[in-house]
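Take a look at the structure below.
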Amino acid sequence: MKLTSKSVALIPIIATVATAAIGATLIAPPAANAATTLGAAAQQSGRYFGTAVAANKLGDSTYAGILNREFDMVTAENEMKMDATEPNQGQFSYGNADRIVNQARNQGKRVRGHALAWHSQQPGWMQNMSGSALRNAMLNHVTQVATYYRGKIYAWDVVNEAFADGSGGGRRDSNLQRTGNDWIEVAFRAARAADPNAKLCYNDYNTDDWSHAKTQGVYRMVQDFKSRGVPIDCVGFQSHFNNNSPVPSNYQTTLQNFANLGVDVQITELDIEGSGSTQAQRYQTVTRACLAVSRCTGITVWGIRDSDSWRASGTPLLFDNSGNKKAAYNSTLDALNAGGGTDPTTTTTTTTTTTSNDPVPGACSASVSLNQWNEGFVATIKVTAGSSALRGWKVTTTLSNGTVTGSWSATRSGNSGTVTWSNVDYNANVPAGGSTEFGFQGSGSGAGLNPACTAS
Ligand code: G2I
């Protein structure tokens, strides 16, 4: 039987895993047009495939070779954290972070920023601060770092790991939390003001199982933020898995339920301890879960080779210590090539209305997800390419009784009446059938936006 990417998709996981167990050479040959790298394979459905990068490894030719070949999104593993970027209060240090950002951008890769505010990895001067002095120092940090990298970051982990483990579903105690429960939303507003075009994410671990109290706690926060217009665009699921913390059977449900709140979801620090076919199967399960959720925009693994991992002894990554592809690499690539439904229909919450127009060949369509409350609204516009890729796009919207007060991921002309939006550099290219999003917030009513897209 000749295997095409479609027929591979239909083979039960067990069969794929059995093949993977025997060795990489026996894995079903990819279809003639299948992509041969993780980044290219993810791009087929408009997604990315990224990795964490350490600045001090960029000179390692094996490491840099795999990085440049396989990945199209980069996260600094440690170099953008608070202790690295503001070692002394008011003195910012971007050398190592810049090496990663510049290397990525020179290679045409995008960057996830990690992380603006976190209870951990605080510089010494911040660790013992409290009250308004700490609140102001945190806000200044968010503003300075997001401003410095303005325009260069696809998505920021604005706040990292702010919820407690265990059964309560509440916030983690920390010096930042003790400045007041609103510290997270204030950080998000500061980040939006500093870099209006970056997607702003909340990022955490142990939030993969829908039944866990921590997952529910984060969900309620995101739901609350969306209902009050706090600028949040995405939720990151770190997804550090091992036998004590396995991939939950409801993982896809979790991703979908968060996406249904009107945010993108991203797998931000994936690693799965193990080896051979068991590990390969688990990577495939995670990849398929992302592909099945239209707002799951990409996957990042937390390092390149096993030896690069913070959990090196658990061999949790896609390349072995010598840089060879593991069975988990092949199963992940196969899953990406088999594809998944990037569903251009916007999923909406009860307070949301959706309109869309069908793409015609070579053109594009736009749909709106509107979150309206008494005095204002947040609109997310999804631009979907027709049967040809887009190299640039324009969307017009109508605002009869509202005014735009802020926007992201598009340039704008006008703020009421007919408002015209065009792509920014990083979202000009949309693959055939793929999609990208921009958004805006406004005062008044966002009813009747009626977005119309043209390729430009
Ligand atoms: O702990 C795994 C990840 C959990 N989510 C947030 C991520 O930011 C976190 O990454 C890890 C890095 O992979 C480690 O590399 O964060 C750790 C610190 O929180 C990083 O470890 C640090 C060590 O603590 C330092 O002693 C060391 O100097 O790595 C530094 C550079 O190797």
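Backbone N, Cα and C define each Cβ position, glycine as well.
Quick look at what TrEMBL annotates:
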{"type": "ACT_SITE", "residues": "Glu269", "note": "active site, nucleophile"}
{"type": "COMPBIAS", "residues": "345-355", "note": "compositional bias 'Low complexity'"}
{"type": "DOMAIN", "residues": "32-335", "note": "domain 'GH10'"}
{"type": "DOMAIN", "residues": "357-456", "note": "domain 'CBM2'"}
{"type": "REGION", "residues": "337-360", "note": "region 'Disordered'"}
{"type": "SIGNAL", "residues": "1-20", "note": "signal peptide"}
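Every protein chain shown contributes to the tally, and the Cβ of Glu269 (active site, nucleophile) ends up with 23 other Cβ atoms within 10 Å. Reduced to three states, the DSSP call for the residue listed as 'active site, nucleophile' is strand. Under DSSP, residues within the domain 'CBM2' (357-456) fall into helix, strand and coil as 3 helix, 58 strand, 39 coil.
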